[in-house]
Amino acid sequence: MELVISVLDANDNAPQFTQPVYKVQLPENAVEGTLVALLNATDPDEGLNDVGANAQLSYTLSPTEHFRLDLQKSNERNIVPDLVLTKALDRESLPVHRLVLTASDGGRPSLTSTMELVVSVLDANDNAPQFNQSVYKVQLPENAVEGTLVTLLNATDPDEGINSEVTYTATNFIPRSGRDVIAVNPKTGEIRLTGSLDFEEVSIYDFRIEARDKGWPPLSGHCSVELEVLDVNDNAPEVWVTSLSVPVPEDAAVGTVVALLSVSDRDSGANGRVRCAVWPAAPFGLVSTFAGSYSLVLREALDRERVSEYEVEAVYTVLVRENNAAGAELARLWARDPDEADNGRVRYSIRGLEEVSSLCGGIERFEEEEWELFSKDVSVLDAKGVVDM
């Protein structure tokens, strides 16, 4: 007699994964529906030819909006789960997704096992560099020296690696001459002066800065920079004798115009305002005809037998700080002589001060206490005589 003993399976084994942690990398720009991983577990309770309830496995995934399980039958006995992408990824928001996959058998009570899924998101160059403000406004005095820092820009790119490396370029200069006086460091974003500013030539420079990353394809961000040049009192007043009527008849009426003068200063605001006077005050005076123009007129009747000749000085005030550099121009005068050739050539001298250009009339340097008032007389000499200013 043959005795056959059948051993009934007891659900004494939980499902098993091949590893406790499963790691996978996924590009940030992977499209929805991408297969992320093939997963499965086994249960030792399963038989050779049949799968009882104790070995029938089901799978669940921890809550996530980016992934789902796609259950597939590998054969008549087993179901395997595929991990599928259901929503676009954003590495900058969440660079690593940690999920839990649970396998449960069909026994009673059911036994379970878990495996951690770690999905690392690989960066894609999907972010352009961004400045912390769209417009930078900067002010610099026109005497700022070459190399002066205009401003420091900073553009950030939330991507990583080479995709986050940024280079800077200055473009779209208005006026175009700005490219000769302003430059940006392509690596640091420092903007510095590479030339001289001149308020009287250009008072505002507008330009744009491009920050471009090194990803592929490269992405770029932009900002605008407005550099306002502030006026400095670096221009001396200028005086022109535009008309001169000499000699003057003794019987000339009071109010007769002897000369016309034009005064200007290229600086702006208070730096460009000029005060004019005539010395000595009698018998002449200045009458302002309109801005920057004056008439030298008779204030009193002339008497040739009492005074036959007057030295009239046009006086104006120049504010000068002490310790100006040697050769710094303080004022500029012009005298015109209608005679021809050598008779029309004039030379300048200054009473009580040696440092004056005899050809151009430029007064160069004071070394006096700041803002103290001094009076100096400038004379103009032609080939035949002296005409005082």
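Just so it is clear, glycine is given a Cβ too, placed from its N, Cα and C backbone atoms.
Keep in mind that TrEMBL annotations are predicted by a computer and have not been checked by a curator.
According to TrEMBL:
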- 18-131: domain 'Cadherin' (DOMAIN)
- 132-239: domain 'Cadherin' (DOMAIN)
- 240-366: domain 'Cadherin' (DOMAIN)
Within the domain 'Cadherin' (18-131), count helix residues (DSSP H, G, I), strand residues (E, B) and coil residues, in that order.
3 helix, 53 strand, 58 coil
Could you pull the average pLDDT for the domain 'Cadherin' (240-366)?
72
